[in-house]
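Student: So TrEMBL has the following annotated:
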- Glu82: active site, proton donor (ACT_SITE)
- Asp223: active site (ACT_SITE)
- Glu316: active site, proton donor (ACT_SITE)
- Glu337: active site (ACT_SITE)
- Thr440: Ca(2+) binding site (BINDING)
- 482-520: region 'Disordered' (REGION)
Amino acid sequence: RERVRAMFYHAYEHYLDRAFPYDELRPLTCDGQDTWGSFSLTLIDALDTLLILGNVSEFQRVVSVLQDGVDFDIDVNASVFETNIRVVGGLLSAHLLSKKAGVEVEVGWPCSGPLLRMAEEAARKLLPAFQTPTGMPYGTVNLLHGVNPGETPVTCTAGIGTFIVEFATLSHLTGDPVFEDVARKALKALWKNRSDIGLVGNHIDVITAKWVAQDAGIGAGVDSYFEYLVKGAILLQDEELMSMFLEYNKAIKNYTKFDDWYLWVQMYKGTVSMPVFQSLEAYWPGLQSLIGDIDNAMRTFLNYYTVWKQFGGLPEFYNIPQGYTVDKREGYPLRPELIESAMYLYRATGDPTLLELGRDAVESIEKISKVDCGFATIKDLRDHRLDNRMESFFLAETIKYLYLLFDPHNFIHNDGSDFDVVMTPYGECILNAGGYVFNTEAHPIDPAALHCCRKRKEEQWEVEDLMREFYSLKKTKKFTFQRTSHPGEGESAENSEDASSEKGEEKKNSKKSSRSLLSCPSQSFNSKLAVLGQVFLDNT
């Protein structure tokens, strides 16, 4: 554990000294570069890792640096997927951990706060990508201008199905349902377009819903779609998402699984198209452990671990029949997936083999990858040549999962015996009781927080009854109230002569509503009122 801590600071301090405010450190030349959009990405990605390592003072310092220094109003083409998992996910996680880290939170936290506002601002910049006939998003968006006119409509499956964790969290905390709505619509569009044998391909046209790449598997281009069906189901206690995953799981076992390896197959026929193992697939045993399939998870994990022992890392592609790397895919960019699975499986089983993988990872990374200015991507595992890049996920995920593997008493592993009670504008709320759900960039989301920022339905109805009484005293026209699907969001409508009294409230909310890109423009209700799609005239 202490060696992992030292690895973190060797990388983190050199990023701060040599690369900040750029996105990433270039460890061979000891300078920085922007990669995903000029957000000081490594700083956002490493923020919750600081707290997991117990460094509250640096967490507090970075929070204030980010508030002052990060701007999303920039003319940059950004990956919708990467911005969501790294920036939105990182900011949401840090927001929910702020109080634990000793940050002085504002009144109303966790339903408000500067990091939450930043996460919402970043997510709003991504919403134009979802404005397609299918609801499946474009892969790239310009943060200033929206989707570029010539943007390719082809997006990978993971780039469509990896939003529900962050976007549902955002909707629950802010009260704006648009984020969760677009994420769900995208998930369901993929489900609707699965093949007759129950598989999804690799890339799809988001305008026509035609599959462009028809390879089906659990790895690159598909991986986090399956992960988010499970994690979304756990986070939201959503049976529909879990049943979707379990259906996919049957098809994956039927068509892609051979001797505890998973191959790539043609999505319509089920015939093998690529007998390769990709390093990104190593998340799968961890995901299996989350649904309780421990035996299968361990067998697949041990297959993957044999590849690690062969090379001292996982090559991007590994040819299973030949037992060797694939040409031009021999690198290891310090990915976390096998360590992630080891962490989950160790929590489930306590099997010491999993600690051995963790030790092997520490040894390999220190021996092969460590340089004066940090840790470098391994360009080729056969001869240990290095590349001049240290991806932000090294600090966000690889180090975090390694540390959590060796730190059984970390607050992240809380079993519910310890918790905090927080007062919010909506009542009492339990936080930090454990059960954290990691997004696909290893940013932990506290599932209890999703229940903090909504009034209970009964309370909402009481308020509506009081308002009805209040308005019935007025000798004006009758009013109808709409009971909304989101508690605490009941709306009232009045005739135009009373509208002026609402202007102050409208002003407060105007910024939010005007930027809700997927909402219909609000219409005046002085002549008619629509309730659940039915239109009532004045004299109804």
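Using N, Cα and C of the backbone, Cβ positions are placed for all residues, glycine too.
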Student: Measuring Cα to Cα, how many Å separate Glu316 (active site, proton donor) from Asp223 (active site)?
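Tutor: Between the Cα atoms of Glu316 (active site, proton donor) and Asp223 (active site), the distance comes to 14 Å.
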Student: Only counting partners 6 or more residues apart, tell me which same-chain residues put their Cβ under 8 Å from the Cβ of Glu82 (active site, proton donor).
Tutor: Trp36, Gly37
Student: Long-range same-chain neighbours of the residue listed as 'Ca(2+) binding site', Cβ under 8 Å, sequence gap at least 6?
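Tutor: Non-local contacts for the residue listed as 'Ca(2+) binding site': Ile85, Gly89, Thr162, Val165, Asp223, Ser224, Glu227, Tyr228.
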Student: Enumerate same-chain residues with a sequence separation of six or more from Glu337 (active site) and a Cβ-Cβ distance below 8 A; give 'none' if the list is empty.
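Tutor: Once residues fewer than 6 apart are set aside, Glu337 (active site) is near Ser279, Leu280, Glu281, Ala282, Tyr283, Gly286, Leu314.
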Student: Tell me, if you would, which residue among Asp223, Glu316 (active-site residues) has the fewest other CB atoms within 10 Å in the structure shown?
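Tutor: So among Asp223, Glu316, the active-site residues given, the one with the fewest Cβ atoms within 10 Å is Glu316.
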